[in-house]
Amino acid sequence: MEVEAVESNASRGGADHRPSSKKDRRVFWACVFIFVNSCFQCTAYFGVSTNLVNYLKDRLHQDSKAAANSVTNWQGTSSIMALVAAFLADAFLGRYWTIAIFMLISVVAYAVLTVSAAAALPGAALFYAGLYLLALGGALQPVLTSFGADQFDESDEEERRRQSSFFNWFYQTLNVGSLVGGTVLVWVQSSVGWGLGYGIPALFSVLAVAVFLAGTGAYRRHQPPGGSPLTRVAQVVVAAVRKYGVEVPADASVLYECETDDGMSAIQGSRRLAHTDQFRFLDKAAVETAGDKTRPSPWRLCTVTQVEELKCVLRLLPVLASGIVFAAAYAQMSSTFILQGDTLDPYVGGFRVPAAVLSVSETLSVMLWVPLYDRVIVPLARRATGRDRGFSQLARMGVGLVVLTAAMLAAGTLEVQRRRVVARHGMYDTNTGADGRYLPMSIFWQVPQYVVVGASEVFTFIGQMEFFYDQAPDAMRSLCSGLSMTSFALGNYVSSALVTVVARATARGGRDGWIPDDINRGHLDNFFWLLAMLCIGNFGVYLLIARWYTYKKTVD
């Protein structure tokens, strides 16, 4: 199958002389194919990942600790593979072919998992082979996001608005897929069997490939691979160090730059970037000396665009760091929120609602907030601020940081009330859930904190996704989108470390501490207050980062 490579100038914002209605229809259908593909991929992925720990315990007979570690290791590998896929897309394969190849790998992975589960084969080798093939083939979100956003003409004001809306609805498809995979398919695995429970994700993976390939004719823009971004970054660093004693001229226009006949940079498919004053030391790499004219070498002389590529990445790192703290607080949904919920009354009539299932309310909150943000909040903000996107991307993420602080305060307030119920009924030593004794307090009091977390996710996670795409150099957008996802993975590790440190530090001297095994004797409320303070401190630092940040500028 041959994919037409649209010329660089058109693909990165140059004029497209096709009729507007035809152009709009192609963008619409391209987005439809990408959204459906994303939904199918997520349904399959979460159909495996959500209940994986139980498969490892039931079928492979691992204990709880070993199963939890296996899942953590696999998820960490998936995060790394996302960066590998993004690197290959930007450097060598292009985004279309990376998506197609890696999805085919994921089909093989799901097939191996299905055979292993259905045949109940002895040993874990075949199952782990399929699982780690899935870690490789399923790591496509940053590439798929970038490919979808590429379909919009950034030189057109209306299409830039639609591109911003694209990120909201793309995230919506992720939530729909995770909801179906994490509920319906988990029920099939638990109630019907693992063979069918893994066979359905395999079917969804095949459908995902079919839908993506069916949309090939609608994909009008294809960012060509620009070569290894790691090599270009290394060349800038080496050239700047080698010219340590060279003075950077005050007039940036004399720095070295070259362009192609169509006005693009020397990096294939990448627009030229305007010079910025931050990280001035790196500008030494673009200072042309007499030796560079006689013995030109990319390891001694780099273009301004190449230098600015590295500056773009360096400016993104502090924003990434602020996202780690956000993700650490967000991760409480799968840890301390569940510990809290395990003690509360889960019954509605004769129906029991497990604490972990309550996280569905957060997913539903996101699904409610996405259209509310896109169709109500953004138009109102657009009229108030005059910005195409309503808010600047940094402002949007900042709002999410504040909202998550409110979620931690809500969780802490509920915990104070929960501990009062514990004291009133003398239930300090109740082994909650094991003997059926729960506090006379409904688990649905947790719903508000889950809903608020969902609102913060729409502002910060989607804002971060859009920001890292928009502010990345053209030839590094997949890689920078993958980099933004690492903040979520790192936040989970920070959360685990924080829980461990706090539990040990507060349990000295024979005390129960804040997070003991029986949290009825602990002070989980203090832990939520600590997280709220960390969120406030993170927001304060974020304001300084936002004030310091310089937005990327292209020469055109």
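Heads up, the Cβ atoms here are built off N, Cα and C, so glycines get one too.
Note: TrEMBL annotation is automatic and uncurated.
Per TrEMBL, the feature region 'Disordered' maps to 1-21.
For 27-48 (among others), the entry in TrEMBL reads transmembrane segment.
As annotated by TrEMBL, transmembrane segment applies to 74-93 (among others).
The transmembrane segment feature in TrEMBL is assigned to 100-121 (among others). Here the transmembrane segment (100-121) has Cβ contacts under 8 Å with residues 41, 44, 48, 55, 59, 85, 93, 127, 129-131, 133-134, 136-140, 143, 194-199, 201-202, 205-206, 208-209, 212-213 of the same chain, all six or more residues outside its ends.
Residues or ranges marked as transmembrane segment by TrEMBL: 127-149 (among others). Same-chain neighbours of the transmembrane segment (127-149): 30-31, 34, 37-38, 41, 44-45, 48, 52, 59-60, 74, 77-79, 81-82, 84-86, 89, 95-96, 98-99, 102-113, 116-117, 121, 163, 166-167, 170, 174, 219, 223, 465, 469, 477-479, 481-482, 484-485, counting only residues six or more beyond its ends whose CB sits under 8 Å from a CB of the stretch.
Residues annotated as transmembrane segment in TrEMBL: 169-188 (among others). Within the chain carrying the transmembrane segment (169-188), a Cβ under 8 angstroms from the stretch's Cβ atoms is held by residues 31, 34-36, 38-48, 50-51, 141, 145, 148, 196-197, 200-201, 357, 360, 363-364, 366-367, 370-371, 374, 458, 461-462, 465, all 6 or more beyond its ends.
The feature transmembrane segment is assigned by TrEMBL to 194-214 (among others). Beyond the ends of the transmembrane segment (194-214), by six or more residues, the same chain brings 1, 33-34, 36-37, 40-41, 43-45, 47-48, 51, 55, 58-59, 99-100, 103-104, 106-107, 110-111, 113-114, 117-119, 181, 185-186, 188 to within a C-beta distance below 8 angstroms of the stretch.
Look at TrEMBL and you will find 313-333 (among others) tagged as transmembrane segment.
Long-range contacts of the transmembrane segment (353-373) within its own chain (CB-CB distance under 8 A, at least 6 residues past either end) are made by residues 168-169, 171-172, 175-176, 178-179, 182-183, 333-334, 337-338, 340-342, 344, 346-347, 443-444, 446-447, 450-455, 457-459, 462. Taken from TrEMBL, the feature transmembrane segment covers 353-373 (among others).
Annotation comment: TrEMBL describes 394-414 (among others) as transmembrane segment.
Look at TrEMBL and you will find 447-469 (among others) tagged as transmembrane segment.
The transmembrane segment feature in TrEMBL is assigned to 490-507 (among others).
Marked as transmembrane segment by TrEMBL: 527-545 (among others).
Across 394-414, 447-469, 490-507, 527-545, the stretch most heavily in contact with the transmembrane segment (313-333), judged by Cβ pairs under 8 Å, is 490-507. Segment contact holds for the transmembrane segment (394-414) and the transmembrane segment (527-545), given three or more CB pairs below 8 angstroms at sequence separation of 6 or more. Outside the transmembrane segment (527-545), and at least 6 residues removed from its termini, the chain residues within Cβ reach (under 8 Å) are 318-319, 322, 325-326, 328-329, 332, 336, 397-398, 401-402, 404-405, 408-409, 411-412, 415, 499, 502, 514-515.
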